[in-house]
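Peer 1: In case it's useful when we look at the structure, here is the feature table from TrEMBL:
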- 15-33: transmembrane segment (TRANSMEM)
- 94-114: transmembrane segment (TRANSMEM)
- 134-157: transmembrane segment (TRANSMEM)
- 178-208: transmembrane segment (TRANSMEM)
- 228-248: transmembrane segment (TRANSMEM)
- 260-279: transmembrane segment (TRANSMEM)
Amino acid sequence: MLAQQLVNGVTQGSIYALVAIGFVLIFGTLNLVSFAHGETFMLGAFIGFWVIKILNLPLLAALLLAFAGGWLIGMLTELLAFRTLRGATHMPPLLVTIGLSIMLKEFAGVWFGYENRSMPSFYTQTFAIGNVQISLLQIIVLLTVAVLVGLLQLLVYKTKIGMAMRAVSQDYRMAGLLGVNINFLFNFSFALASALGAVAGVLVAVYYNAVSPLMGSVPGLKGFVTCVFGGLTSIPGAIFAGLLLGVIENLTVEFIGSGYRDTIAFLILIFVLFIRPQGLMGKKMKVY
């Protein structure tokens, strides 16, 4: 059973990592924690529901359309909500993200209804490796996250736009003076983060066979916990912390009880903030 929980934990943790990477991209470039990220995740899940159940299209189409929808949501959010607040203290943008979270949640509730909706069950085939059962859907989730993370690493470290993103994360004012289009980079980073969050929403909706307007709250908070755990500016840290958190949660369910699954995540957050505020792979930051 231990090996089975490890497999389940890695699968769940990979989704946490994908959500956390969105937080890292937003914080790394805009120096902002977006508490509306969970609602982008939720809207992505509803896009997936619409594509799969209403249009009867395959999962790949749902993932691609959710990515595009999340990208559009991120572009509009940065342009309309945060661009005018650039240079402000942390509090106004933080309040905007909380307000935006509530607004998107209520919009989804009014538009789609507040009841849970079930996704079609597919990819139910399982493979046995010893005593461990791995479903085809788990393999698809892991491969999807691995491909997205690999492409993101190539983007960040092997392209000019990635070099510009890293420059902006270090000092956006200096990057602007050196000719970097910071408006484009901020918008691009926010859109990319939102797109990844939307894809994570589809994966969760398919994996747990359910969507609802309230489904983004806990994964959004777990993604934030993962981001803090790994380091607010570290993509490798977010990946490692996401996998670790998923494994810890599933081991908690196995040995303590399912009622403590969420509790353990927030205990980890408190512990990390006390012991190593910069996270496992983050760097110390000056506070002005």
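From the backbone N, Cα and C atoms, a Cβ is placed for every residue, glycine too.
Heads up, TrEMBL stuff is auto-annotated, nobody curated it.
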Peer 1: Report, as numbers and ranges, which residues of the same chain sit near the transmembrane segment (94-114): CB under 8 Å and 6 or more residues beyond its ends.
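Peer 2: For the transmembrane segment (94-114), the sequence-distant neighbours (Cβ-Cβ under 8 Å, at least 6 residues beyond its ends) are 32-36, 38-40, 42-43, 46, 77, 81-82, 85, 212-214, 216-217, 220.
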Peer 1: Do any residues, 6 or more residues outside the transmembrane segment (178-208), come within under 8 Å Cβ-to-Cβ of it, and if so which ones?
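Peer 2: For the transmembrane segment (178-208), the nonlocal Cβ contacts are 11, 15, 18-19, 21-23, 25-26, 28-30, 34, 37-38, 40-49, 52, 59, 62-63, 66-75, 77-79, 82-83, 86, 119, 122-123, 137-138, 141, 144-145, 148, 152, 161, 164-165, 167-168, 172, 215-216, 219, 223.
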